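If you look up TrEMBL, you'll see ASP51, ASP84, TYR87, HIS253 marked as Fe cation 1 binding site. Among the features that TrEMBL reports, Fe cation 2 binding site is placed at ASP84, ASN122, HIS216, HIS251. Sequence annotations record features per position, and here TrEMBL assigns domain 'Calcineurin-like phosphoesterase' to 45-254.
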Amino acid sequence: MDTMRDKPIKFSTSVFCLIILLSVYNSTAELRRLVQPPKSDGTLSFLVVGDWGRRGSYNQSQVALQMGKTGKDLNIDFVISTGDNFYDDGITSPYDCQFQDSFTNIYTASSLQKPWYNVLGNHDYRGNVAAQLSPILKDLDCRWVCLRSYVVNADIVDIFFVDTTPFVNKYFDEPKDHVYDWRGVLPRNKYLKNLLADVNVALQKSVAKWKIVVGHHTIKSAGHHGITKELEKQLLPILEANKVDLYINGHDHCLEHISSINSGIQFLTSGGGSKAWKGDVNEWNPQEMRFYYDGQGFMSVYLSEAALRVVFYDGYGRVLHQWNTYKEGIYTDI
């Protein structure tokens with residue numbers, strides 16, 4: 001078992017650490033709610049990165065460097081991680097040195113000293129899940145926010161983080177030589193039933209201008225993993241019924257934008273935080289496929305009450321794709 005090295009942890013001194021994120025429980029749903037204040041002008045901007053935790057290797061450090069530069073340019077409010085935070089098998093305890101080696105010592109730019117809202121990926125479930133959820137990690141690095149499923153309320157937008165790994169049958173039926181930490185998930189059917197009900201209730205009660213759902217696993221993707229059938233069957237109808245604007249995921253190690261022809265949902269993959277799968281792409285309906293890049297990178301999101309802008313960047317900070325939409329339903333690619 002890894003242990004934290006003797007050298008002292010570098011604690012973040014960002015102003016956000018002085019902000020107490022309020023958390024309450026919805027009276028009818030179980031999803032925990034965190035409050036993220038927007039800027040004084042009511043706008044928000046944030047970065048999204050996924051599948052990153054490799055102690056800086058596979059260009060993780062290069063992506064982190066560019067994230068820091070872009071984060072400064074955009075004056076971001078927070079960062080979202082789409083999961084697979086620590087490869088290959090999560091972390092073993094809250095004091096596992098990989099937390100420092102893959103997170104604290106990598107994302108060092110001043111612009112990234114903001115809250116990091118995380119979901120768990122399948123590789124995280126191969127480790128000690130309780131360790132990633134432990135408040136000890138927030139004591140070690142006050143940026144870290146990780147719960148199974150929860151809502152971040154930022155006034156003009158509600159962001160719903162959904163624990164997608166327990167939906168996937170093969171992790172239970174065909175785990176191969178992997179051991180998954182299902183504590184807190186079993187009995188599985190009850191866990192998923194309650195989670196879907198809670199997500200549905202939370203979405204129904206949302207009065208925010210924008211609704212964004214974040215999960216690790218894909219719903220629509222032309223990448224290596226493709227469609228997650230369990231989410232397509234169980235979660236997607238809830239997203240469509242509640243008119244969600246964006247579904248953001250990782251899991252496929254690429255950058256991708258798919259527009260649904262059946263609803264207004266935009267499916268965005270940001271799983272290029274480190275190791276990418278070059279050339280691993282499948283055919284997709286050209287009416288839906290807006291953008292695909294099989295390399296490292298990240299994305300940004302800007303929101304105002306009336307407008308939303310998504311930008312994808314490669315590992316050198318170059319803009320690869322940009323998409324704008326407006327609450328009136330008019331959008332244009334740039």
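Cβ coordinates are placed from backbone N, Cα and C, and glycine is handled just like the others.
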Write out the long-range same-chain contacts of HIS251 (Fe cation 2 binding site), meaning residues 6 or more apart in sequence whose Cβ is under 8 Å from its Cβ. GLY50, ASP51, THR82, GLY83, ASP84, GLY121, ASN122, HIS216, HIS217, THR218, SER221, HIS225, THR228, THR269, GLY271
Hey, for the Fe cation 1 site built from ASP51, ASP84, TYR87, HIS253, who else sits with CB inside 8 A of the CB center? GLY50, TRP52, GLY53, ARG54, GLY121, HIS123, GLY250, HIS251, GLY271, GLY273, SER274, LYS275
Quick one: which residues besides ASP84, ASN122, HIS216, HIS251 have a Cβ within 8 Å of the Fe cation 2 site's Cβ centroid, in sequence order? GLY50, ASP51, THR82, GLY83, LEU120, GLY121, HIS123, ASP124, THR164, THR165, HIS217, GLY250, GLY271
Give the number of CB atoms, excluding that of ASP51 (Fe cation 1 binding site) itself, located within 10 Å of its CB. 30
Confidence summary (mean pLDDT) of the domain 'Calcineurin-like phosphoesterase' (45-254): 98
Cβ neighbours within 10 Å, counted over all protein chains: which one of the binding-site residues HIS216, HIS253 has the most? HIS216
Going along the chain, which residues six or more apart from TYR87 (Fe cation 1 binding site) have their CB under 8 A from its CB? GLY53, ARG54, SER102, HIS123, SER274, LYS275
